[in-house]
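Colleague: Annotated transmembrane segment per Swiss-Prot: 19-39, 56-76, 91-111, 231-251, in sequence order.
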Amino acid sequence: MLTYPNINPIAFSLGPLKVHWYGLMYLIGFVSAWLLGYWRIKHYKLNWNNDQLSDLIFYSALGVILGGRVGYMLFYDFQEFIHHPWVLFKIWEGGMSFHGGLLGVVIAAWLFCRKYGKTFLEVGDFVAPLVPLGLAAGRLGNFINGELWGRITDVPWGMIYPHVDDQPRHPSQLYEFGLEGVALFILIWCYASKPRQQGRVSALFLMGYAICRLIAESFRQPDSQLGFVAFGWLTMGQVLSIPMLLIGIWLWWAKR
């Protein structure tokens, strides 16, 4: 069995300012998205320019942070939000929802489309290959924070989280790093390397993420304040992923 390493969540301090690893992971995600977008524009000679790319990353960053935090409080910790609304601003403590962030990015993309006259699916197809590496960085942030641990297991790589209990658990943050991050990146990046019908890349991302999340959540300990939210075995993350999967299937079929 493995033991979770005692990692200081603070990467470094600049005077009174403490820079957390979790925040750095988000910065890495946004920077990697810009670099990948820049490479795709140049390599594939896409009808995008650097100003549009920078604006898109900026809009998306706001959508991810605001939507992710609000989504977490609404989907996962609503009672805490009602009684202590100021916790909404404690982003460095963790507590971000991918599905909330996705909704935030949808709104940001809509505003971006209005500004630049691009279609929503064109923007979605451009953004989709840029996202998984950011998801991978976010899951590493979860691991460093020692949060979102897995269910009790007897597999040889089970990890004991001393701050939780003395039972070996699935390192589910690393599973999600591998599935939602690395595997999904390879899938989407390779698929988007050739011209595709508009909407197909977006559809593949929606389906791919939903499937990865549905699998990974089966190893993850449900949030203590929620438990299983449907049928006695579905977690909130799985419930929120099902509409993604259905929309992805519908979009894939519609764009065949």
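Each residue, glycine too, has its Cβ placed from N, Cα and C.
Burial and contacts for the listed features, if you can.
Modeller: Long-range contacts of the transmembrane segment (19-39) within its own chain (CB-CB distance under 8 A, at least 6 residues past either end) are made by residues 7, 9-13, 48, 50, 53-54, 56-57, 60-61, 64-65, 91-92, 94, 126-127, 129-131, 133-135, 137-138, 140-142, 144-145.
Listed as Cβ neighbours of the transmembrane segment (56-76) (distance under 8 Å, sequence separation of 6 or more from its ends, same chain) are residues 26, 30, 33-34, 37, 87-88, 91, 95-109, 111-112, 123, 126-127, 134, 223, 225-226, 236, 240.
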